[in-house]
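Taken verbatim from TrEMBL:
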- 180-189: domain 'Uroporphyrinogen decarboxylase (URO-D)' (DOMAIN)
- 1-25: signal peptide (SIGNAL)
Amino acid sequence: MITAIGLATALTAVGLIGFEAGAQTQVYTAVQARPATTMASINRGVLRAAATTAAPQVPQGTSIVPQAALQNETSSFSQVNTVFCGLTFAAAAIAAYVTAMAKKPAEAVALMAAAGPKLDIQMPTSLAAPLPFSHSRPTGTIAMAAVASEIVEYSPIKFPPLKNDRLLRTVRGEPVDRIPIWIMRQAGRYLPEYRQFMADKEFFQVCRNPKQVAEITLQPVLRYDLDASIIFSDILVIPQAMGCSITLHPEKGPVFKEPVDSRAAWHKMQDELLQTLGTPMPGATSADKNAALIANVGKLVSPSLDYVYAAITETRMQLDGRVPLLGFCGAPMTLAIYMIEGGGSRTFAKSSRLMNGDPQTAHEMLTVLAHMCAHYLSNQIKAGAQAVQVFDSYAGALSPDIWREFSLPYMKLIAELIKKEFPQMPTICFAKDAHYGLGDLAASAYDVVALDSSVDLGACHRQMAAQGKAVQGNFDPTVLYAPPEKITAIVSEGLKEAFGTTIPTKYIANMGHGMSPDHDPVHLGAFIDAVHAFGQK
């Protein structure tokens, strides 16, 4: 009880300090958004009750958010509003602490002691005018502590606080002040700085250098006003971790030295992987070998892919909280097609032959790939990824029936495994040219369904919203060949047709496919600006 009283005194002083500093003061609370275990110990109901007691009125639909959710915003609290916000947070923190003390006193003390850095609360410039004050219950919502509880960091690494979380809030269905946007292949050959950097370097060697990966990942973020970054890597690092030797041909793209295009080739890979793990199983059935590989899947993606995790951590540090960092992997069927075909393909004959003629072998391969993908993404999240996307680039390569049998179950498995370990981690799926599978993906555990350019954005957004999903996409990349003024008009008209005149919820702008090497960087800038301008008064 004495400890609680002492904490109450200290936290109440936080509000009084805000009164002394006036309009430029930042109001702090000892309740920290990280680690997740701290916030998990806080009773959200108590926080909301405390945060809406004796709080200033806020215009309907407006909320005060952590500084981590804002980008370069400045505080303009009046003295009265500052002290009341400080007292509100103090009351919430005290209530949470007392609640935790009543249940697990020792843990509560330890958690509060470990709270560490302060949670910085500021008002966005759009609400710079002093808020109207009333002693009555507020007409709007000012559940600041509840907002803070939504910020979950699954990595044990201490990163700089996030300044722009529009994408993360959009995934959760929260209102944002502009449509968030990032672009598939936003770091790539269309950028002159990328071409200059890569002039004397080999692609996969760069992928294995964390500092070089960070530099390339940041190139588009430094050039454009993007709302997310995505780690520079390649989906084929997983086949490489399985022992595949891959070279990049200037015209053909990736070429596998030994395709895995038959039962014999798959059994050979099984044996080689088990030998690498130090658990050879001569004479065992293929099913038993598969089970052993899945049981040891963590050893298949680490240390062999540790360079990816190191690059994510390095990039998060260099981003300095500017925007969230996305991790990614290829979908199992897309990876399997590359492995079976020995590279890219126009006919996909080998893949069709194996999946139709020897489905057992195909499913064994896909099962191992799915577990590797899930564990790979798990390690990316622990390294600092703040959202993850699964790319099924070859989803439409074969028939809808093939996709539903050989891709969909494994994409769903990845999402289920990730959500089991990281319930609040934003997950995105992209099945290119598989419009027939959008309903199946909407029923999966993914939070966001990314669309290619072949479907109607507005109709899909309404369909997905009915199932609680966000939508990403889906402008045709060829739009970028138009002059900037026409790009602006196309974007404005397209968004208006899909959403009316207001900023939609649960929508992330993107292309329906990645950037091409001959795209003009200036035109992409016009595209991004046009998206951000939509719905602005």
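From the backbone N, Cα and C atoms, a Cβ is placed for every residue, glycine too.
Sequence-distant contacts of the domain 'Uroporphyrinogen decarboxylase (URO-D)' (180-189) (same chain, six or more residues past either end, CB-CB distance under 8 Å): 166-167, 170, 195, 198, 216-217, 219-220, 224, 226-230, 232, 326, 430, 508-511, 513-515, 517, 524, 528, 531-532.
Per-residue pLDDT, averaged across the domain 'Uroporphyrinogen decarboxylase (URO-D)' (180-189), gives 98.
Each residue in the domain 'Uroporphyrinogen decarboxylase (URO-D)' (180-189) gets a DSSP state, and the totals come to 0 helix, 1 strand, 9 coil.
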